[in-house]
């Protein structure tokens, strides 16, 4: 097929010459342009078939690229650059740690966002003596690149640049509960080698379902000796605490120049301008916030955010991201325990004047604002934070304890895992449990990671609700092993967002929409099988609303099946009335609900799938049905997938391995889609 297309394109100039009297110059130009586009498409389609498929997410506005990171490295005397593909900030944090490590080996490193540079410049990297490029690449969702690595991934797919002489290493961040574990890290590692680059250390694969921090430390402690051996250098000293930012206190600053929680542009919340994205969120008013379940054990809620006049567009299956705020009680306690005035206006300025990152968070601001809106104070701190903090513990035993947990020894790793990670000790808890640990608040703010946006599957259809985005969420609250009660940052914050607001003022939520590949079939007549227990029902509320809307427009709509699961019908049956109405009206062909705690034996969604196996097989094999699974990745999604393997094997009929291939092909064709989390 490829050859026939090449032959056709080769004859185009001759054909055009013969017909010149029949076509105008404009016709010829347009015709040639079309043929050129088709030829380009077929060439690159063939290339893309040889590598894993990632779905491209369109960004609203392409960022401005710097001219050359190699020239910048030359100018600033760097020989190591660490690029990061980061969605939640962890890969960026690891990249910063690696670039900071370089000084111990007589080298100079810099971390960089691939979105800010032209990666075609990689071929010029060998011009720098003993140069090395490292990639810390996270995989997002079902095998996708992170938003900031999308352009880099596209370039890797299409380029044929010769990277001979380029030395590289890759550390991937993934989660084994997902189907495509560390797909991005694996692809970057493989593709760089294909292009001629030389791998100087093995690919690292971090697993967030296990202990990502330990995976990184283990890889890192073997990575640097390999770098030393390859380049013939020696470590110049032990790891030491080096401040990256300097504190500047502003005595008489105009408050109009002070950040109060904005993510990007100063005063962007007062003067909102589209397009809205992660760096420019929209302040949406909460119009509805109602509890969905009975009882007091858990709080499941439905929120509606007003996006009128925002020009935000979304489709069923997209995600809404919200920027939460930390609990003011925790913020005040940190201020009290450190004896700090939280309302001091300050800036943390990068000591490296050549760095693109001038501040760790928007500055100037106050400590209160930083701890409330910009810094993560509720997740267990990583080992590098403990190492830096240890110097401020005046009690030797506490300092030793912190140093041990920050070490790479087996005992230290076990201690960190049990005392920090498994006990879910956040920074306030550590300060409370170590009475002599009293770091300067500015250094603490430098060390803490950024507070990240939280993503939720949109629970509405824009066809029905074009001016609002709906969220379905459960308020997270649990008792940690330390005996403390921990609460989820975003869900606890959202829970307080009442439509009336305080003193009659509107409750506002900074938000933006992230496009997804979790999409209804193009043809409304295609049957859909939706599996979503608990809050996994959220995107299906949008799907069902849209299918109902299509029916109202007089369109023929295929079978719409929902497999939903909850504990008890009188406790946590979400959207019970709405689902019953859709079922009664015929928009929902089947409403199948599994109650796990309503009878002696537990019933889950996979049990109902097995019950309906013959009909499901007919819909899949003969009707071309699309399958959608949303919810827990660790257990539910795997159990459901195994159930479909069994159904396919039984009615195929075929061997188990063939059934697995059958389902995997459904995934490749976009007929088996996942929106899962762990």
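Numbering starts at 1 and runs along the chain as it is shown here.
Positions of Cβ are set from backbone N, Cα and C atoms, glycine also.
The following features are taken from Swiss-Prot:
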BINDING   86-91, 138-141, 173-182, 208  FMN binding site
BINDING   298, 535, 596, 597, 602, 603, 604, 605, 606, 639  NADP(+) binding site
BINDING   424, 454, 455, 456, 457, 472, 473, 474, 478, 488, 489, 490, 491, 677  FAD binding site
DOMAIN    80-224  domain 'Flavodoxin-like'
DOMAIN    279-521  domain 'FAD-binding FR-type'
MOD_RES   2  N-acetylglycine
TOPO_DOM  2-22  topological domain 'Lumenal'
TOPO_DOM  44-678  topological domain 'Cytoplasmic'
TRANSMEM  23-43  transmembrane segment
**For residue 298 (NADP(+) binding site), the number of other Cβ atoms found within 10 Å of its own Cβ** = 14
**Message:** Roughly how many Å lie between the Cα atoms of residue 473 (FAD binding site) and residue 298 (NADP(+) binding site), rounded to a whole value?
**Reply:** 11
**Prompt:** Looking at the binding-site residues 89, 181, 478, 489, 491, which has the shortest Cα distance to residue 596 (NADP(+) binding site)?
**Reply:** 478
**Message:** Which one is it: of the binding-site residues 178, 455, 478, which Cβ has the fewest other Cβ atoms within 10 Å in this structure?
**Reply:** 478
**Asked** How many Å lie between the Cα of residue 89 (FMN binding site) and the Cα of residue 606 (NADP(+) binding site)?
**Response** 35
**Item:** Residue pair residue 489 (FAD binding site), residue 606 (NADP(+) binding site) - Cα distance, angstrom, rounded
**Value:** 32
**Inter-residue C-alpha distance, residue 602 (NADP(+) binding site) and residue 457 (FAD binding site) (nearest angstrom)** = 27
**Prompt:** Going by C-alpha distance, which of the binding-site residues 141, 178, 181 is nearest to residue 455 (FAD binding site)?
**Reply:** 141
**Prompt:** On the 0 to 100 scale, where does the mean pLDDT of the topological domain 'Lumenal' (2-22) fall?
**Reply:** 33
**Prompt:** Between 138, 489, which of the binding-site residues has the fewest other CB atoms within 10 angstroms in the structure shown?
**Reply:** 489
